[in-house]
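Per Swiss-Prot, GTP binding site is recorded for B:21-26, B:38-40, B:42-43, B:Gly69, B:124-125, B:Asp127, B:155-156. For B:Ser25, B:Thr43, B:Asp66, the entry in Swiss-Prot reads Mg(2+) binding site, with the evidence type similarity to another entry. What Swiss-Prot lists as S-geranylgeranyl cysteine is B:Cys213, B:Cys215. Per Swiss-Prot, N-acetylalanine is recorded for B:Ala2. Under the heading cysteine methyl ester, Swiss-Prot lists B:Cys215, citing similarity to another entry as support. Positions annotated as region 'Disordered' by Swiss-Prot: B:188-215. The feature motif 'Switch 2' is assigned by Swiss-Prot to B:68-77, with similarity to another entry given as support.
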Amino acid sequence: MDQSVAIQETLVEGEYCVIAVQGVLCKGDSRQSRLLGLVRYRLENDVQEHALFLYTHRRMAITGDDVALDQIVPLSKDFMLEEVSPDGELYILGSDVTVQLTTAELRLVFQLPFGSHTRTFLQEVARACPGFDPETRDPEFLWLCRHRCAESEAESPKPREWNSDPGTRSGFAPIGGGRYQSWNARRGLEDVLPRGPGYILLWGGATKEPEFLLAEEVHEGGPVRGPRARGGRRDEALEEADWEMSAGGGSRERDCAGGYNVDSSRPNGRGLLPLDQSSGARCPDKPENSLTRQNRSKAEITDMVRSSTITVSDKAHILSMQKFGLRDTMVRSHLLQKEGEYTYIQNFRFFVGTYNVNGQSPKECLRPWLSSDTKAPDVYCVGFQELDLSKEAFFFHDTPKEEEWFKAVSESLHPDAKYAKVKLIRLVGIMLLLYVKQEHAAYISEVEAETVGTGIMGRMGNKGGVAIRFQLHNTSICVVNSHLAAHTEEYERRNQDYRDICSRMQFSQVDPSLPPLTISKHDVILWLGDLNYRIEELDVEKVKKLVEEKAFHTLYAHDQLKIQVAAKTVFEGFTEGEITFQPTYKYDTGSDNWDTSEKCRAPAWCDRVLWRGKNISQLSYQSHMSLKTSDHKPVSSVFEIGVRVVNEELYRKTLEEIVRSLDKMENANIPSVTLSKREFCFENVKYMQLQTATFTIHNGQVPCEFEFINKPDEETYCKQWLTAKPSRGFLLPDSHVEIELELFVNKATATKLNSGKDTIEDILVLHLHRGKDYFLSVTGNYLPSCFGSPIHTLCYMREPILDLPLKIVNELTLMTVQTADDRSQLEKPMEIPKELWMMVDYLYRNAVQQEDLFQQPGLRPEFEHIRDCLDTGMIDHLCANNHSVAEALLLFLESLPEPVICYSAYHSCLECSGSHTASKQVISTLPTFHKNVFSYLMAFLQELLKNSAKNHLDENILASIFGSLLLRSPAGHRKLDMAEKKKAQEFIHHFLCNPL
Amino acid sequence: MATTPYNYSYIFKYIIIGDMGVGKSCLLHQFTEKKFMADCPHTIGVEFGTRIIEVSGQKIKLQIWDTAGQERFRAVTRSYYRGAAGALMVYDITRRSTYNHLSSWLTDARNLTNPNTVIILIGNKADLEAQRDVTYEEAKQFAEENGLLFLEASAKTGENVEDAFLEAAKKIYQNIQDGSLDLNAAESGVQHKPSAPQGGRLTSEPQPQREGCGC
Ligand SMILES: Nc1nc2c(ncn2[C@@H]2O[C@H](COP(=O)(O)OP(=O)(O)OP(=O)(O)O)[C@@H](O)[C@H]2O)c(=O)[nH]1
Ligand SMILES: [Mg+2]
């Protein structure tokens, strides 16, 4: 889950969350989850500033409302985020990464999850750190003011101070200096870290030397760091920054986009306009790009064709899209691969014509040339050469002839259809016109036109070529009109011109990041023009004679183009149809007579049409003798060309399939594990008797991090009597880990289980990061025990606790001390718990002379035996070491939910510990059963003291042992305050040496 | 041109709830994989699925959480409702008990999600007409009374499965459009995705119009 999205929602215009990571903030022993977001802000002049925003958050932050800004740490010059190895711990692959954040004011330690995301995060932060170069302007962080209100005043200094001269704030106390003390102490750093100004100046400019020294000491034990290490790191960061800049505007624009989005989503509270819509509104002249094709009126289409930048076909449009993210790139490449599945071939009729007009204006109707076919062509490609031979045209690139011929052509297009002009391109006298039937206009896209001059100096436009490339449905087509070098002997020049045109003709792509297209990269190439190849080695008269005889085959053998093509020196891969018309050059203007001028040129097939590509068949190839305007005759060729047409339905289907397969991939990438066991039953759980169960997590193919997570409103992932070991971890693909569930009921949990307020029942949620959650159910039953039962409850149990129905045990456990006293008249409870009596009696009978009683540990298995005897009432079977029974007695007292001297009496006991009378007075206020127990125990202890010669016990030892058991602080401190402890002993002491 | 054609601009979180065995997991599986799982184990936990759909030309990524239906997990599964933009509440048309429990599921859904969460009632296993135990009409009426969308579907044949997820998405999108669902509000369950970083290019710099021969 990308949590930067949630953070982005909390930001304002101009701020952009570059990357976010979820980590654990370690303060002393406390661990709190934080979302760390690297936020970039762009000022004018392309200057950027960064800050780390720390958020508290809900488990899975999805929206801005799931996070709350806690603290902002600007990436000032003194900012540092470095990986440290936790002290004394071995680095374990897959374990959390511990990082330390240092600035002049504070120092925080985080644990970040293992993995590449954390790596990327750290790299991004390193990259965002301002350089150390004194030349660069110090960041000011004025923009952070906006967030100040959200933070508590104490948490951060005023924005100005972030970067004011360190000297001016020498009195400024380090933020959190006190708070992090415990952490420092843990690492034994206290003495090397002076507080106050010196500390603040760490890494500061003025007092460099000592500071660096200090820093080295700080990092002792960790990786070596010092000025050099740091310097190196900086250089790297700078280099990377440079690289980013030179990598182009990408990142800058990225920011704008982010900013724009925030802009539109924040101030007016609407935030609903998806990005594309809002920016679509900014360029209203662009046609819609929705995937469903719109029905547009014909007029609109003609217009669009004229503007010739339309992107109408879904496919064409999509294929021309820039690279967006990996997903898009993948979809696009899949679409290309599967083109065959959603396209079919449809034939289109192409008219290709070429006419060298010898600088003339149109004088006759062009229909005989352009509309001689019975069927109206779908596409017209009409080329002219020598449109204008004047100097003006040559030098000023402007000619009235362009309009004249364009009009003449437009008027002579086939009368059976309506056409739209797609494009007109001209280089001096070389002009190419492209028309399509109006109904096809919507399927023309990516129209580009270019020119290449090969004339004088190899550049000028008196010779050369022009070309138009476009996409018709899904087929890319390039039409070239060229006028190559003249003169019979210059065929090598003509070949060279061809090669020049091929190499220099480059069409830019819609996506500027893609290399430009060349002529050869098209599905269909149509090449027409005055190619100027002549008939060689035959004298003029011979040629004329052969023409007259229509012995074209004999002439072919002498046609330079045929010869050159056969020699593969030019037009490689191109085809030309059979020529069945007489040479189109050179005639006396206004007639069909061969040139009678002085030069008396030999007739030649100068004007030609060639093609390259699949699914192309030539229907006709002819000249048009009736046109007499020029010394050339126009040539035409009609083709039937198979074009790839998108079947909308199949296209949608294919697209859907691709998107689906990507979705599936994504679903397959959700981490998933199998658990060897999900139900755990712990039967007959007993007090302080460990039970364990194990299960195995087998990972699937995706690396995953697992963790038992808390259920809502619960502080821990499971009940207090349960632990899972380990409770979190990282699994590589196909690996597994064994988890041990340990169930252990102790004094903290026993009472609730006895009362039925708690049961051995729990659901653990095993969460996979970015993946599923698994529920594990734990069930079982607890065998109630006298351990953990209140004194008065036990007094009311005349039978062994395990012989009583569970309901009664529950009820009696829930009974309050007051009720117990009130009920005593009626139910004749015992004066003290029989279990207490059993243990004391056992000791009285067997252990009064036992050496070191209460000072030697018991045996574990014996404790379990004693517990069972007490709970089942089989006291006669009790057979144990004296020390074990003595310890059981102490454990019994310790497990009492309400100590013998009730919590409420604790403080009065300590107060009057100086006086025996007063102490007795307090005891008399205790509830009856507690009073009884107290007196009973004191009597027993006094009995023991009578044998002190044997058992080596004295008042002090006993007061010390029993003081802290009978008198327990209501505050629940584990370790008593020494003074309180002393008083408690003193209190008990009275009852040991004075008669009861 | 600014749109990223295959990338999504919204993420909607869905939850699927209902008694055990009504076919929640099968519906999810049918929706994401177009396959029916004849013997699907009980869900003991919460599973995920995602799929990108299109509503009004907008690409929307659905993030679907399939919850365990067993009563004993109810307390835990409740915690997954939060932040859902859509809830699919499923019963089995061949088992009246699953229909009778709807009001309790509905109470949970209403209490634990935000007021704008779109709830769609789905009568699943519509292919088992012979064993029908709940009529279309009464369920329809229940849905109307409670302002729920309603469909009968079959995870087995796939009938209406797409529609169930799509109808809910349409309604959510409509709520966004007419402003009744405030994306900034707590737990809207909808995430508006800022454009992918690389995608920012075209948006900030409209392509210059290429025109004519350029001379
Ligand atoms: N005939 C028929 N059977 C279905 C249909 N949908 C689900 N089933 C069957 O019903 C059983 C239960 O389906 P699940 O999808 O596991 O039910 P669930 O709601 O996810 O159950 P829990 O995970 O326990 O909450 C499976 O055996 C499915 O094969 C359906 O549309 N038609
Ligand atoms: Mg399920």
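A Cβ is built for glycine as well, from the same backbone N, Cα and C atoms used for every other residue.
Keep in mind the model is a prediction, meaning the values are calculated, not measured.
Structure with Swiss-Prot features highlighted.
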{"residue": "B:Gly21", "record": "GTP binding site", "Cβ within 10 Å": "17"}
{"residue": "B:Lys24", "record": "GTP binding site", "Cβ within 10 Å": "28"}
{"residue": "B:Ser25", "record": "Mg(2+) binding site", "Cβ within 10 Å": "22"}
{"residue": "B:Ala38", "record": "GTP binding site", "Cβ within 10 Å": "7"}
{"residue": "B:His42", "record": "GTP binding site", "Cβ within 10 Å": "12"}
{"residue": "B:Thr43", "record": "Mg(2+) binding site", "Cβ within 10 Å": "22"}
{"residue": "B:Asp66", "record": "Mg(2+) binding site", "Cβ within 10 Å": "24"}
{"residue": "B:Asn124", "record": "GTP binding site", "Cβ within 10 Å": "29"}
{"residue": "B:Ala155", "record": "GTP binding site", "Cβ within 10 Å": "29"}
*Measuring CA to CA, name the entry from the binding-site residues B:Ser25, B:Thr43, B:Asp66 that ends up nearest B:Ala155 (GTP binding site).*
B:Ser25
*Just the binding-site residues from B:Gly21, B:Lys24, B:Thr43, B:Asn124 whose C-beta lies under 6 Å from any atom of ligand 2, please, or none if there are none.*
B:Lys24, B:Thr43
*When the Cα of B:Ser25 (Mg(2+) binding site) is compared with the Cα of each of the binding-site residues B:Ala38, B:His42, B:Asn124, which one is closest?*
B:His42
_Remaining residues near the recorded Mg(2+) site, that is with C-beta within 8 Å of the centroid of the site residues B:Ser25, B:Thr43, B:Asp66_ = B:Ile16, B:Lys24, B:Leu28, B:Cys40, B:Val46, B:Glu47, B:Thr67, B:Ala68, B:Gly69
*Could you measure between B:Asn124 (GTP binding site) and B:Asp66 (Mg(2+) binding site) for me? Cα positions, answer in whole angstrom.*
15
*Where does B:Lys24 (GTP binding site) sit in DSSP terms: helix, strand, or coil?*
helix
*Quick one: of B:Gly21, B:Lys24, B:Ala38, B:His42, which binding-site residues lie within 10 angstroms of B:Asp66 (Mg(2+) binding site), measuring between C-alpha atoms? Sequence order, please.*
B:Lys24
_Integer Å distance between the CA atoms belonging to B:Thr43 (Mg(2+) binding site) and B:Lys24 (GTP binding site)_ = 9
*What does DSSP give as the helix, strand and coil breakdown of the motif 'Switch 2' (B:68-77)?*
7 helix, 0 strand, 3 coil
